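Right, I'll just put the structure down here and ask away after.
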Amino acid sequence: MNALAATNRNFKLAARLLGLDSKLQKSLLIPFREIKVECTIPKDDGTLASFVGFRVQHDNARGPMKGGIRYHPEVDPDEVNALAQLMTWKTAVANVPYGGAKGGIGCSPGDLSITELERLTRVFTQKIHDLIGVHTDVPAPDMGTNPQTMAWILDEYSKFHGYSPAVVTGKPIDLGGSLGRDAATGRGVLFATEALLNEYGKSIAGQRVVVQGFGNVGSWAAQLISEQGGKIVAVSDITGAIKNSSGIDIPSLLNHVKENRGVKGFSGGDSIDHNSILVEDCDILIPAALGGVINRDNAKDIKAKFIIEAANHPTDPEADEILSKKGVVVLPDIYANSGGVTVSYFEWVQNIQGFMWEEDKVNAELKTYMTKGFKDVKEMCKTHNCDLRMGAFSLGVNRVARATLLRGWEA
């Protein structure tokens, strides 16, 4: 099941739980606006190249729309629609005053020079500058984009609208980026895991953890969990997978990854087949890479008691059912990985106030939001007698539906 089908299915189940009528359901699903633009740039060799850029703005009932911009060759409209919709529910679950959006450009960033990427980003911004804005739609980095991309968007947007640091988040610190933003999603995963374990009278110390994916989110989550006494017993990324049942030394692994651009060949663990990482023996499994990795083929072999979804949509609905029967507790992506958008909100707030926070304040506020978020999700689970995924979805959908009705927008 692709991301859009799965998101729509979860929405419909949540809407049924909440008793929303079909007209309201329909208006909540239809995107507010879909934008598609052609971006033509001169390449370094003087030839012209054309790329398609797009932005799906899903919903703005609760505030400006928010979501990443990705540069990737396989930019699929269905997937972007699903991710924009997912952002609508995720911002509502996190209880930050945003709606959802997503966008990007169909290109291979690795094949473009830095000057070509800059020209492409600036042309894209010129095409959409009057459709984004501090109180309209606030982009952020995603796959294939980074703080430098945001700096170019900010600069190009500011040529039309005056200096506006709050128009994008995930910026470099020197241009109004927030301290703690880089680690935010991984730190949110830590706080989410603590909140869940707390429910079962456990703490992170001594738990055996497997992390699938060692990019920004996976590496921060592994580092922060091991600092709290968790034992990281296996890690994988695109280059390979390693395990060490007495616990991997994460600081050494981080140095190895920096030097060798991957976990492969790390001497502090044994190499294993990276397809087997998800079924390694552990207490907590953290999928932090791609979607759809836990499916009906491997779900029955998973040994973890808790799965924390740091990636977007890592578990197929069929796998959900198998895991549920086995008694595995799944903490859903729309709550578990919302640390990033929460600290993006803090960045936006700091920019609007023109007053920057210390990193300790950012992290303390994030912990407050993540802890409160878990309580809210659990309340919904009790009210509707459902699992955590449906609890989170119905919480998000309910908040958006209420805002929609209060604003008099029902069809």
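Each residue, glycine too, has its Cβ placed from N, Cα and C.
Keep in mind that TrEMBL annotations are predicted by a computer and have not been checked by a curator.
Under the heading substrate binding site, TrEMBL lists Lys66, Lys90, Ser344. The active site, proton donor annotation in TrEMBL covers Lys102. If you look up TrEMBL, you'll see Asp142 marked as site 'Important for catalysis'. The NAD(+) binding site feature in TrEMBL is assigned to Thr185, Asn216.
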Out of the recorded positions listed (Lys66, Lys90, Lys102, Thr185), which are within 10 Å of Asp142 (site 'Important for catalysis'), Cα to Cα?
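So the list reads Lys102.
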Taking only the residues the record lists as binding substrate, namely Lys66, Lys90, Ser344, what is the largest Cα to Cα distance between any two of them, in Å to the nearest whole number?
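Between the outermost Cα atoms of Lys66, Lys90, Ser344, the distance is 13 Å.
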Please list residues from the chain of Lys102 (active site, proton donor) whose Cβ is under 8 angstroms from its Cβ, counting only those at least six apart in sequence.
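Sequence-distant Cβ neighbours: Arg55, Val56, His58, Gly67, Gly68, Ile69, Arg70, Val80, Asn81, Leu83, Ala84, Met87, Asp142.
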Looking at Cβ-Cβ distances, which residues of the chain lie under 8 angstroms from Thr185 (NAD(+) binding site) while being 6 or more apart from it?
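Correct list: Asn216, Val217, Trp220, Ala310, Asn337, Gly339, Gly340.
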Could you check the binding-site residues Asn216, Ser344 and say which one's CB has the most other CB atoms within 10 Å?
Ser344
Tell me the Cβ contacts of Lys90 (substrate binding site) under 8 Å, same chain only and six or more apart in sequence, or just say none.
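Expected: Gly100, Asp333, Ile334, Tyr335, Ser338, Val341, Gly396.
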Would you list the other residues of this chain near substrate - those whose C-beta lies within 8 angstroms of the C-beta centroid of Lys66, Lys90, Ser344 - in sequence order?
Gly67, Met87, Thr91, Ala94, Val96, Tyr98, Gly100, Ala140, Ser338, Gly340, Val341, Thr342, Tyr345
